[in-house]
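K.L.:
Before anything else, here's the structure in question.
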């Protein structure tokens with residue numbers, strides 16, 4: 001019997017459940033690339049009996065669909081956690097280390113201990129849990145896809161919320177990404193306190 005797309009997304013988790021793993025955690029990040037704002041990470045343990053239809057890599061979903069799925073994932077999850085690392089720390093330790101730190105914090109803040117962690121991309125250094133890295137995991141793993149939605153929506157909401165503090169920069173429109181408009185604003189006004197200075201060296205004379 002051919003699996004549906006939703007069932008295919010759970011194939012990795014199904015194999016792990018059959019191997020005896022109970023609490024399977026997916027973890028993913030949002031906001032590696034922007035010129036401003038924190039990097040976010042989410043960790044989530046989903047319930048096998050409550051598969052949510054339509055879960056995909058967050059980048060393939062409309063904002064409206066992401067928002068709807070965000071609420072469903074929170075409601076149906078066994079446990080979830082969201083963490084962020086701000087722009088100052090990103091500048092201090094670099095974006096790769098900041099991303100790993102956000103992921104590690106999200107996992108460690110879960111209300112339960114996962115039996116195994118599925119990571120999108122590469123293994124998290126010094127993580128005290130069994131983990132498997134899955135390249136393009138947000139396209140292959142249901143748990144990672146759920147985490148990608150939680151991370152993306154959480155970051156977008158945060159950026160929209162703080163945008164009122166920095167009205168000149170129009171963060172609510174571009175979410176901190178390096179759009180033409182954002183770069184023109186940067187060249188006119190310079191960076192604000194939430195910009196990642198280490199990301200701006202090729203854009204501004206810093």
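Cβ coordinates come from backbone N, Cα and C, glycine included.
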K.L.:
Among 120, 156, which residue does Swiss-Prot annotate as binding divalent metal cation together with 28, 29?
P.N.:
120
K.L.:
Sequence gap of 6 or more, C-beta under 8 Å: which same-chain residues meet both conditions with respect to residue 29 (divalent metal cation binding site)?
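P.N.:
Long-range Cβ contacts: 39, 40, 41, 99, 102, 103, 120, 151.
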K.L.:
At a 10 Å cut-off from the C-beta of residue 28 (divalent metal cation binding site), count the other C-beta atoms across all protein chains.
P.N.:
31
K.L.:
To test your reading of the divalent metal cation site: which residues beyond 28, 29, 120, same chain only, put their Cβ within 8 Å of the Cβ centroid of those residues?
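P.N.:
Going along the sequence, the neighbours come out as 27, 30, 41, 42, 103, 119, 121, 137, 138, 144, 147, 148, 151.
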